[in-house]
Amino acid sequence: MGKASTADSRLFALQRKVRALPFTARNVALSALLSVDAGQSAQQALSLAFGQSFAEHAEKSAASLPPVERNLCSELVYGYLRSEIRIAFVLAHVLPRPQSLPRPLLHVLGLAVYSLIFQNRIPDHAAVFSAVETARALYGSALAKVANGALRSVQRLADAPLQPDFYLPGGVAVQSVEHLALFYSLPPWIVGHWCKRYGQQAAEQLAQRSFARPWSALRVNACHVLGHDLLSDLLAQGGTPVGQWGAAFAPGNLPAQACGKALNDLLACGAVSFQSAGSQLVLEKLGLYDWKRPVWDVCAGFGGKTVALLERGVAVAFSTDRSLQRLTGLPGQCARLLLSCPATALIDAVAPPCSAWAGHMLIDAPCSGLGVLARRPDIRRRPQQQALEHEQLQGRMLERLVAMLQPGCELAYITCTLRTQENEKQIQKVMCDAPGLQLVRQWQTPHEHPWLEGMFGAVLRKQT
């Protein structure tokens, strides 16, 4: 049996033990974190965990958790992953050799530490008791005692882990790259790049934004009969305007209804859709809603930008992606929104099966995702090498697709990262390598914005 098979077997066995635990939000969160360890994204891991059955509750799945418990589970997973580096520092402060403990046990402790530090509404005794009982069930009384002692020590720290000075180990200066990375729970290479490229103040602003809970945003369907009334009602309920048809809400403030209809019903009938504020705004800022020629959405993914453009009357004729799993959701999206679905195909943008496209192109490029760390905290775990691989892929995509661009047509390049090599330098390189390109416009989320996702976009036009 190979190493991968052995690891899969161990994960399966451990997942079975976890699913034999009491049916609680914390144990479902632990199950999700084990899937993240195996390479799943946080969203994928939660979807998997919510669909699993726990052995002692075979008639139920985690999807049957009450809404309050489901929300707690999601908050625990995302909050823990967002704070993982910081939590590891706290555990190292109260444990002599945390690295010697089983990784799943560290997750059990970490979930409890997250509650002790950041969740005021969760009683400390409940978080500690749950973690100790889970440790006992998985590893026996000896490690349960270790867990109890460690968490009692964290309790005695009181509010100290909320203060920046707590994260100043020997030799680390205040506001240094190492200190900012530790306090905002980021890999040092990310903070180092931001400091070098944007300066110390902007780097700290970006780090703060990456550590905060993300806002929710709705896009109102401009084609829907309730469109104008819905937008007015959402804004009246405290929504912050996003472009022409969007509304964003601070954590915990998403309205349950609008225009007398439940939000879930409005989603089901296609009146509104969830779409991040940054994704909505970058389309506005780049002027893509004014495109008049046929559009090819080259990296359509689940189709969020395709349907946003279709709602505004843009003629998206072709939507492609190299992932069949993502692309298969687009027809359903269009049906929900009462839109005609464009032609779809499984295509690798590095090697498209045609030599020209008589229209505009939208490239929502695969990237390192450093602009959406708050929403996708598992990205923090990715090695720096993966960012370099994205950079190379983007360069090959741009080179191939620019060669297909016809005179008078435009190519929009969008990322959700804040890394110069994947943004400005890609545009500079392709313009240098392919004469006849004009930079029509370029936009990036302001660093000082407290909650908007970090987006970058540029529009290139092939001159006639």
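Any Cβ shown, glycine's included, is placed from N, Cα and C.
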Among ASP321, ASP378, which residue does TrEMBL name as a further S-adenosyl-L-methionine binder in the site formed by ASP348, ASP364? ASP321
Listed in sequence order, the residues of the same chain lying six or more positions from CYS416 (active site, nucleophile) whose CB sits under 8 Å from its CB are GLY278, SER279, CYS367, GLY369, GLY371, VAL372, GLU453, GLY454, MET455, PHE456
Using the Cβ centroid of ASP321, ASP348, ASP364 as the reference point for the S-adenosyl-L-methionine site, which residues of the same chain not in that list have Cβ within 8 Å? VAL298, CYS299, ALA300, GLY301, THR320, ARG322, SER323, ILE347, ALA349, PRO366
Counting other CB atoms within 10 A of each CB, which of the binding-site residues ASP321, ASP348 comes out lowest? ASP348
Restricted to the domain 'SAM-dependent MTase RsmB/NOP-type' (206-464), the mean pLDDT of the model is 97
Measuring CB to CB from ASP364 (S-adenosyl-L-methionine binding site), give everything in the same chain under 8 Å that is also at least six residues away in sequence. ASP297, VAL298, CYS299, ALA300, GLY301, LYS305, ILE414, THR415
Three-state secondary structure, which DSSP defines for ASP321 (S-adenosyl-L-methionine binding site): strand
